[in-house]
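Participant: I grabbed these lines from TrEMBL:
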- 14-41: domain 'C2H2-type' (DOMAIN)
- 42-69: domain 'C2H2-type' (DOMAIN)
- 70-97: domain 'C2H2-type' (DOMAIN)
- 98-125: domain 'C2H2-type' (DOMAIN)
- 126-154: domain 'C2H2-type' (DOMAIN)
- 155-182: domain 'C2H2-type' (DOMAIN)
- 183-210: domain 'C2H2-type' (DOMAIN)
- 209-236: domain 'C2H2-type' (DOMAIN)
Amino acid sequence: MERHIRTHTGERGFKCNSCGKTLTTKHSLENHVRIHTGERPFKCSICNKSFTSEDGLTGHLRTHSRENPYKCEVCKKLFSYPSKLTRHYLTHTGEKSFKCNVCGKAFGSQQEMERHIRTHTGERPYRCQMCKRSFTTQKGLLYHTMIAHKTRKLLWCVFCECGFLSTPSLNSHLMWHIGETPFGCKFCGKTCYTLNNKRQHQQTHNQMHQCCICEKKFATRGYLLRHTRSHTLEKPYECTVCGSEFKTSERQNFTKPVTREIIDNLENGVGRERWHPEQS
C-alpha cells in the first residue's frame with residue numbers, strides 16, 4: 001500500500017548512484033540499475049532476447065502471441081503495456097505537466113523531461129560495457145550495441161543492400177520493392193505500406209492541431225511538434241552512429257535502412273571523429 005500511495009504523492013525515495021535518477025520503489029531502482037550494468041537476467045524462451053525487468057519480458061512475450069490487451073477508448077488503438085497506453089492518451093489530451101526547470105519547456109512525461117534536461121547538462125549516463133562509449137538515452141545505447149558490437153543481427157533485404165533492426169521494418173521495406181500497398185484508407189481509398197501509415201493518413205481527414213506561429217493545421221500533435229521545429233530549428237535527437245542531429249525521434253530515424261557501407265565504416269572507424277570526447 002505504501003508503494004501505491006507514492007504514485008499519488010510523487011515521493012521518490014530511491015536514488016540511482018550512477019545517474020542520480022530517483023524512483024518510487026526499491027524494485028524499480030534495482031531494475032533501473034541494470035541499465036547501467038548491462039545485466040539482463042530475464043530471457044525469452046522463444047527467441048532468447050533478454051530484458052532488465054520481468055515486466056519487460058512479460059510485455060515482449062505479447063509480441064509473440066500478438067496480445068495487446070490495453071485499448072485506447074478514444075481511437076481504439078491497442079497496446080501491450082499500460083504505460084504505453086498512458087503515454088498514448090497524451091496525444092489526445094495534449095497534457096504537458098512536466099516542466100524543465102532550466103528553460104521552462106513542458107513535456108507529457110517525466111521520462112521525456114529527463115531526456116530533454118540532458119541537452120542542458122550534457123549528461124550521458126548510459127555506458128557501453130564493451131567500448132565504454134556513453135549515450136544520453138537507453139535506446140541510443142541499445143542501437144549502438146546492436147550495430148557496433150553485433151549483439152543482434154541485422155535483417156538484410158533480398159533485393160538491395162539495406163539492413164533493418166526489426167522484422168516489421170524489413171517487411172515494410174519489402175512491400176516498397178514489390179509495390180504492394182495492402183492497407184486502404186476508408187475515407188479516400190489511398191493505400192499504404194503499413195497499418196500504422198494508414199492510421200496516420202486517415203487522421204489527415206480530421207485536421208485538429210494548429211501551429212500557433214503560421215496557423216497550419218495537422219492531424220496529430222506529433223506532426224505539429226515536428227512542424228514547430230521548422231520554426232525553432234530545434235534538433236533534439238542525435239544519431240548514435242555518426243552524431244548527426246535530427247528533428248524527429250531516433251526510433252523513426254533508425255527504422256530507416258542501415259546499409260552495409262555504414263556498417264563497414266563504423267567497424268573501420270570512419271566517422272567516429274564525431275563522437276563526443278568523453279566517449280573515448
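Backbone N, Cα and C atoms are what each Cβ position is placed from, and that goes for glycine too.
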Participant: Pull the DSSP breakdown for the domain 'C2H2-type' (209-236) and write it out as helix, strand, coil residue counts.
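Facilitator: Residue counts in helix, strand and coil order: 12 helix, 4 strand, 12 coil.
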Participant: Calculate the per-residue pLDDT averaged over the domain 'C2H2-type' (209-236) and state the result as an integer.
Facilitator: 76
